[in-house]
Ligand SMILES: O=C(O)C1=C[C@@H](OP(=O)(O)O)[C@@H](O)[C@H](O)C1
Ligand SMILES: C=C(OP(=O)(O)O)C(=O)O
């Protein structure tokens, strides 16, 4: 990290850009993990390459998978077979690594130690730890029970499986983590969620869908209740969809700056919650069109409207929507996102602090944010190691002169070369994926 903040470019004319967004983080890391436990090799076509995917690749290699990144970026995975004990795994700040990998280490033939960035030690892990404990797997730190990273999973080579109940109200990733490795459990898994809410439901549907696509019998049997049967996980060739949440800041740019931004290869059908952007951006004032060839166009009309929005199902979109809300001509209320306090940073506090720093008006609600119309000014946006706080600053900077972003390199968590892509979007013309 350099101390010199990045000067967010200000848009001096309407945009006209085609932006090819790299592969989905959520899909890439699910496919990688499933490839490591598959019964045959897997080839991932157009996966994401970023800090989060690199951490997943390193974790799976340490556990015995053979992973080769081809020069063009495709990834070949040879399954691990036996999961190797003795590894020390760095989860960085990746939710998909710190939540998805521990259940896999339960199958290791020995202890596996997991740790991550300083902030990773504060992110909630309760559902994963309770799930493992409920399955008879011991998790400890320095010999004592723990609720957070760092910890050691005491693998015993096999997991029987059965009925497990967890509270996933602060992260859907607890559910996905246990479901992903469930086909390897001797009796499969019958998983129930207790708790008054369940965020990011599309990400749980994504987990069920990638399992089914690999030949696994994985189903939602009722609200907050899932069942995965034991059985082999198929390999084969998988084309990874572009990351629709990472498309968010580029599409939002069309509203902030005016003009049109197009994103190719938008899937006709997807479990990615980023698909909700089509409706959300239209409600905020954009003209949105998905062409038959899969190109999504978003055109700004010169106005940005606020909105009242329940983001329970798509919380990772909140920083992008909040940036537009800070530029809007009417108030915004974002609800159902209390769990964002446990994301890369406490995103509700960070968004209020940074909107206020730029002259805006925002306040925290128990489960969300309220953002009022205001005239913004320049300033240095702090990012708190959060990729989406950096792209939040970039979106506002298009419309407000003098915005700088501290540690823009933090975008490498899911979108390396974000500054280059952003600059080329402003120069108009084609922006190739990083
Ligand atoms: O399973 C996944 O890939 C994700 C689930 C969501 O997590 P939470 O349910 O913790 O918000 C989302 O915010 C995160 O970016 C990715
Ligand atoms: C919450 C996010 O990431 P993670 O996978 O680390 O939870 C995110 O990318 O917005």
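Glycine residues also receive a Cβ, built from the backbone N, Cα and C atoms like all the rest.
The feature active site, proton acceptor is assigned by TrEMBL to 316. The feature 3-phosphoshikimate binding site is assigned by TrEMBL to 25, 26, 30, 171, 172, 173, 200, 316, 343. Taken from TrEMBL, the feature phosphoenolpyruvate binding site covers 25, 95, 123, 173, 347, 388, 413. According to TrEMBL, the feature domain 'Enolpyruvate transferase' maps to 13-420.
Everything TrEMBL records as a feature, shown here on the structure.
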residue	record	CB count, 10 Å
25	3-phosphoshikimate binding site	28
30	3-phosphoshikimate binding site	24
123	phosphoenolpyruvate binding site	23
172	3-phosphoshikimate binding site	26
173	phosphoenolpyruvate binding site	25
200	3-phosphoshikimate binding site	23
316	active site, proton acceptor	26
343	3-phosphoshikimate binding site	24
347	phosphoenolpyruvate binding site	25
413	phosphoenolpyruvate binding site	23
How many Å separate the two farthest-apart Cα atoms among the 3-phosphoshikimate-binding residues 25, 26, 30, 171, 172, 173, 200, 316, 343? 19
Could you state the whole-number distance in Å separating the C-alpha atoms of residue 200 (3-phosphoshikimate binding site) and the residue listed as 'active site, proton acceptor'? 8
May I ask which of the binding-site residues 30, 95, 172, 343, 388 have a CB within less than 6 Å of any atom of ligand 2, listed in sequence order? 95, 343, 388
Stretch-averaged pLDDT - the domain 'Enolpyruvate transferase' (13-420): 98
Can you list which of the recorded positions 123, 172, 173, 316, 388 have their Cβ under 6 Å from some atom of ligand 1? 172, 173, 316
Within 10 Å of the Cβ of residue 388 (phosphoenolpyruvate binding site), how many other Cβ atoms can be counted across all chains shown? 31
List, in sequence order, those recorded positions among 95, 123, 316, 413 whose Cα sits within 10 Å of the Cα of residue 343 (3-phosphoshikimate binding site). 95, 123, 316
